[in-house]
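Feature annotation from Swiss-Prot assigns signal peptide to 1-27. Marked as Ca(2+) binding site by Swiss-Prot on the basis of similarity to another entry: D144, D166, D170. What Swiss-Prot records for 151-173 is repeat 'PbH1 1'. Here Swiss-Prot flags R224 as active site, drawing on similarity to another entry.
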Amino acid sequence: MLMRFSRVVSLVLLLVFTAVLTGAVKASLNDKPVGFASVPTADLPEGTVGGLGGEIVFVRTAEELEKYTTAEGKYVIVVDGTIVFEPKREIKVLSDKTIVGINDAKIVGGGLVIKDAQNVIIRNIHFEGFYMEDDPRGKKYDFDYINVENSHHIWIDHCTFVNGNDGAVDIKKYSNYITVSWCKFVDHDKVSLVGSSDKEDPEQAGQAYKVTYHHNYFKNCIQRMPRIRFGMAHVFNNFYSMGLRTGVSGNVFPIYGVASAMGAKVHVEGNYFMGYGAVMAEAGIAFLPTRIMGPVEGYLTLGEGDAKNEFYYCKEPEVRPVEEGKPALDPREYYDYTLDPVQDVPKIVVDGAGAGKLVFEELNTAQ
């Protein structure tokens, strides 16, 4: 069954004429995340604060960046302009770091590995150039723009990820308390995986993998937006715009948006899903907004009433409640949040998501 609605034409026209950004957003190193990254624990009673209170350092080369991401202690690391990794590679990020971008900050041909760490913030950075021509499916190098392993309290905010090799943001090895917010994912295949493998310990994995995705812009991506094994995920106020393209792995059409597997509990609300359009829909080719999958199926529910999702030129979303009439999880048991009206999501997210949107005024006097 295809879900089609009359406001599609007006929405497309709106997006065409809102290509110019509405302006920068004032930001601070004291900003706090919304979502699971905000949840306090015994070792982090204020939730995720990154390197707040540590030395502020400005970096302009890959070597300078790695020097401080691998240093012990708190640091606020400011990426000033474009950093090119030659050869392409990943670098490790230790605990208690804030990495923020200024002056159209870019990381080209490089990725960040947050492994065995806690309390890391990454904001306002554009990632590109990590696609390996000799490894289009990411099987040889397995490079991710951001790879989170066995880590907790991570906030990834206002970043842009363009056509990478494997994952854009992958969350694995029992990582926990993570928020991905206001990011833009463009022309990427396997966008964001939560959970390393179907073979992970189900009890341990079920206690980990608490992840929030909100106000992200998925543009012409193919799958895993996100795909969750075990754990919990709250997916709200994201914009999915699925145009035709030739994907990294040879796919022409995006496949699915949010997927739940291995008993994961996923609640999807206030999102706007835009499929390929009328011609493809009438030909029987359509985008699947939510999917239940895996050798052990996951659970997934949709918001209702003021929290409903919108679906345009999409297949019927797949759902599987834990208990009929109840959401797969109640995020407000963990944190407070405010939903934007779903009809406003396309403009809000297109205008606000991605790198280059934040201005950190306190950094102007720190140089």
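Glycine is no exception: its Cβ is also placed from the backbone N, Cα and C atoms.
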Inset, instruction - Pull the DSSP breakdown for the repeat 'PbH1 1' (151-173) and write it out as helix, strand, coil residue counts. - result: 0 helix, 13 strand, 10 coil
Inset, instruction - Compute the average pLDDT of the predicted model within the repeat 'PbH1 1' (151-173). - result: 95
Inset, instruction - Would you mind checking how many other C-beta atoms are within 10 angstroms of the C-beta on D166 (Ca(2+) binding site)? - result: 25
Inset, instruction - Going by DSSP, give the three-state secondary structure for R224 (active site). - result: coil
Inset, instruction - Reduce the DSSP letter at D144 (Ca(2+) binding site) to three states and note it down. - result: coil
